[in-house]
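Asker: The structure that follows is given in the form of structure tokens.
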Amino acid sequence: MRTLFIGDLHLSADRLDITQAFNRFLDTELDDADALYILGDLFEVWVGDDLAAPFALELARRLKQISQRLPIYFIHGNRDFMLGKQFADAAGMQILPEVTCLDLYGVNTVILHGDSMCTLDKAYQRFRKLRSFAFARWLYSCLPKRKRQAIADKIRSNSQSSNQQKSYVIMDVEPSAVDALFAQTHCKQMIHGHTHRPAIHNFTNGCKRIVVGDWYEQGSVLVVSADGVDLKSLPFDAS
């Protein structure tokens with residue numbers, strides 16, 4: 001048996017090839033799986049459950065069917081933090097806390113999206129703090145649909161422009177934040193996404209940090225079993 005972790009698919013109507021690749025993943029990679037964990041940014045943007053695109057609703061129906069035979073867990077990312085209970089229920093997904101600890105085949109493991117550890121990006125962390133307030137999210141949800149979409153498009157555009165000007169270091173997790181989370185949770189293993197830099201980092205103290213990759217050019221999945229971890233790339237070309 002094995003547990004699968006994915007993240008940063010950034011699904012959108014503009015990149016249906018990624019959705020197709022994800023559907024192939026759902027067809028071929030879930031045999032003997034104990035669970036599927038989606039570590040945020042499943043969608044490129046999410047302005048509200050009431051504005052879900054047709055492709056997202058179709059995907060929800062697919063995930064709902066799969067959830068009848070294995071649990072699907074979801075942690076919010078920085079692009080889909082407005083994804084709510086309505087869509088999660090439709091997709092058969094259980095929304096987990098931002099930082100979640102679990103026992104993975106005897107290894108205490110902390111899982112998260114990962115953006116909270118990019119502490120050198122001060123501007124983003126200010127925005128992240130604002131969006132963490134339930135009142136701010138409620139206020140946004142009360143806006144007309146067109147206004148919500150316009151705000152989301154503006155934030156997305158500003159984020160893409162800003163990221164092009166930020167250094168490699170600022171866009172990565174801060175080592176001190178990683179150390180602090182290990183100390184806070186008393187876990188020996190960490191799994192996250194967000195940075196789009198798939199890797200397995202082994203520490204001298206025996207801890208391990210695993211970063212799942214994005215799905216822009218190829219798929220990425222972390223397979224965890226009693227035998228260890230395997231970070232796999234999944235070519236989009238099904239042939």
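Yeah, the Cβs are placed from backbone N, Cα and C, and that goes for glycine too.
As listed in Swiss-Prot for this protein:
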- D8, H10, D41, H196: Mn(2+) 1 binding site (BINDING)
- D41, N78, H113, H194: Mn(2+) 2 binding site (BINDING)
- N78, R79, D121, S159, N163, K166, H194: substrate binding site (BINDING)
Asker: Name them in sequence order: residues not among D41, N78, H113, H194 whose Cβ is within 8 Å of the mean position of the Cβ atoms defining the Mn(2+) 2 site.
Answerer: G7, D8, L39, G40, H76, G77, R79, G114, D115, G193
Asker: Return the residues near R79 (substrate binding site) by Cβ distance under 8 Å, restricted to its own chain and a separation of at least 6 in sequence.
Answerer: H10, G40, D41, F43, E44, V45, W46, R156
Asker: If one measures from the C-alpha of H194 (Mn(2+) 2 binding site) to the C-alpha of D8 (Mn(2+) 1 binding site), what distance in angstrom results, rounded to a whole number?
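Answerer: Distance between the two Cα atoms comes out at 6 Å.
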